[in-house]
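Shown next, in structure tokens, is the structure this report addresses.
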Amino acid sequence: MWMVSPPVDEGSHQLAWLWDHGKGIFQYTKKLFLSRPVGRAQALEFIRKNAANALSMANLIVGLSSILSSLNRQYHCSCWLLLVGFLLDLADGAVARQLNACSALGAKLDDFADFTSFGLATALLLQPRGMLDGLLAIVYVLAVFARLCFFSSGIPFTYRGLPCPYASSLLASTFLLTGGHITLLRIAAIAMVLFMVDRGFYPHDKVLESQSWKKVIYAGGIVAVLFSPTTVAPIYYLAWSASYILLPFAIWSCKA
């Protein structure tokens, strides 16, 4: 006699499968929920440690974009990018100090970003086409390199030589205001090289960590880049940079 097996209840199999997977999802969700404070603390610590590095990386990307713009002869776009890099450079140091996230890696990344934006990208604004033009661009880049690598004042809140972001801001503003007048731009570049290699002292202005009027000037720089007419913003940055270059202690000496 043939034995007939009972029919298989596929509905019960599906319910069992759903139950097993539901338990797994519940256990995973429970574990995730219980560990959420730890994960959130780790995420906040990661952000704290890398906020300044992110600004330096943004400055590096802006510098590389400025280089590409100059290589494509879009010099006005390159100048605007350099002004944005100027703002990013002032912000990253302040963020690192306020969050107590200064590190050797962050300092190297900041220097590399500065060399890219305020050295290589700025030198390309000189549009070197001959031997003398190329020599001036090389000298400018070497001046930035020397300023970043070898000039240490040993005095708190003080630099030796002109910080290269201000030289870059002045050159970019000059380019925009003069429509790219090469002769004036090269004269300004020579002057900036002399200011950078000079061993005279410049104060650490600490714009975002000092008096309120400096913070207002920084905020005005953001507004000028985003909303001001193309003639107003270069004048603003030219006056800002020139005041620091020519009257560093009379105006910008840090009291913080």
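Just so it is clear, glycine is given a Cβ too, placed from its N, Cα and C backbone atoms.
Listed features, source TrEMBL:
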- 135-159: transmembrane segment (TRANSMEM)
- 171-195: transmembrane segment (TRANSMEM)
- 216-239: transmembrane segment (TRANSMEM)
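For the transmembrane segment (135-159), the list of distant contacts is 111, 114-115, 118-120, 122-124, 126, 128, 167, 186, 189-190, 192-193, 196-197, 199, 201-204, 206, 254, 256: same-chain residues at least six beyond its ends, Cβ to Cβ under 8 Å. Residues 75-76, 78-80, 82-83, 86, 122-123, 125-127, 133, 136, 139-140, 143, 161-162, 230-231, 233-235, 237-238, 241, 245 of the same chain lie 6+ residues outside the transmembrane segment (171-195) yet bring a C-beta within less than 8 angstroms of a C-beta in it.
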